[in-house]
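Engineer: First the structure, which I've put down as structure tokens, then a few questions once you've had a look.
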């Protein structure tokens, strides 16, 4: 289709999008065939530039504040018109995709991008259905115009770029953002607002399925191990980041994966390594003179990424969904070295730790966080993406856990034997052994030891894991120092939890002083 002197490229194939991206100088090919691009000064999400339009459907339903920022409806209309006119004056790319693999819960999306590579990214991450919108639902529009420059005083934005969600108009406006992760997370936020109304829990988690049909969920913030641990050659991958849990089903919202690449190795992450080939996109990965990716080079960012479609994963759930989960795992990266490698949680503890979302920002995906590592609490293990009040999601989680009798575990992928800089981080093979024990059912009804202060129950034995690693206190040379660190962590938990209005039983399920 042609508009004036420019072309609108609609539903191009992967090969065609790669060809267009190369011809337009948007990227280069790595020796694996993956398209390599740079995203400029933004190499992660920009939370301060994310807004939701305030209108009757959102006014009283959203937890407004520094995460969910209000944007006026009239300003949105004016800015959308400006961005659309700018985009229509040049070549651009349109693809029709779905968000949500379950037939009852998919959103049909018209994705318009200024660049070929961001359209390819969307084709990697969203679902490319055999038939678009068979149920004839109202269509969402994503308008992603990377080279538009917002004017804050005129447009009402915070900077030269923005991500604005308009639920009333079913529109997502992304302007001035070359980091493509904004697009996938914007549609995740849309589903996170809509799904609870259908009694479906939206989750920032990975999911895989065993030979017997048993499903495991992996909740966690970026860098805690969701993508790595769910990419298991002995199981079938459902997805690595965004899922919905309804009665009888866990379904992927996406059609691809978005893996962190820092220190990626074929030995530790063979599934991801093999997926980075023709049709994949590498963001901010440095190539050597032979076009070989150097995943140890963080000169552009610690948040280098690979986007690839699920078709690049040999062992995957063809239906992109599974049954309800036998095991629910909360991944936390504990910088203090206080938490054990695995704890078995009851329902109240599950609610407490889900609401707390304790972890560390590791090579953070957010702009402005730098390369440093710091502890954080992120409600629902994904606070930036959940627009409703946190309690609504926690109630749905408990309802789902109770309904299916899912077992819940807290798994520490962070430090032991001392805090960051003193102790050592649990190795990926150790954590994989913990996960394997959970999935085998070995920890169901296991004999446990109670850890005071942090108020957790630890199995006394885990197949494949050294027994001395299980109780973190035994790993510290200075036991008094451990006790002080545990009290310090407990204080952080208690202080953070004051903002939640929940039952006394849930409050009592957390660390106690």
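Cβ from N, Cα, C; glycine included.
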Engineer: Of 58, 430, 431, which one shares the ATP site with 185, 204, 220, 221, 222, 223, 224, 225, 226, 227, 228, 269, 305 in Swiss-Prot?
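Structural biologist: Candidate in the recorded ATP site: 431.
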Engineer: What same-chain residues, at least 6 away in sequence, bring their CB to under 8 Å of the CB of residue 305 (substrate binding site)?
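Structural biologist: Within the chain, residue 305 (substrate binding site) has Cβ neighbours under 8 Å at 181, 258, 259, 260, 261, 282, 283, 284, 285.
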Engineer: Mind telling me which of the binding-site residues 45, 185, 204, 226 has the densest Cβ neighbourhood, counting other Cβ atoms within 10 Å?
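Structural biologist: In terms of Cβ crowding, the pick is 226.
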Engineer: Whole-number Å distance between the CA of residue 204 (Mn(2+) binding site) and the CA of residue 220 (ATP binding site)?
Structural biologist: 7
Engineer: Roughly how many Å separate the Cα of residue 179 (substrate binding site) from that of residue 222 (ATP binding site), to the nearest whole number?
Structural biologist: 16
Engineer: Pop the Cα-Cα gap between residue 241 (Mn(2+) binding site) and residue 222 (ATP binding site) into the table, whole Å please.
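Structural biologist: Rounded to a whole number, the Cα-Cα distance is 9 Å.
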Engineer: Checking your reading of the structure: which of the binding-site residues 45, 185, 241 lie inside a 10 Å Cα sphere centred on residue 226 (ATP binding site)?
Structural biologist: 241
Engineer: In whole Å, how far does the CA atom of residue 45 (substrate binding site) lie from that of residue 224 (ATP binding site)?
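Structural biologist: The separation of the Cα atoms works out to 17 Å.
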Engineer: Rounded to a whole number, how many Å is the Cα of residue 185 (substrate binding site) away from the Cα of residue 241 (Mn(2+) binding site)?
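Structural biologist: The Cα atom of residue 185 (substrate binding site) is 10 Å away from the Cα atom of residue 241 (Mn(2+) binding site).
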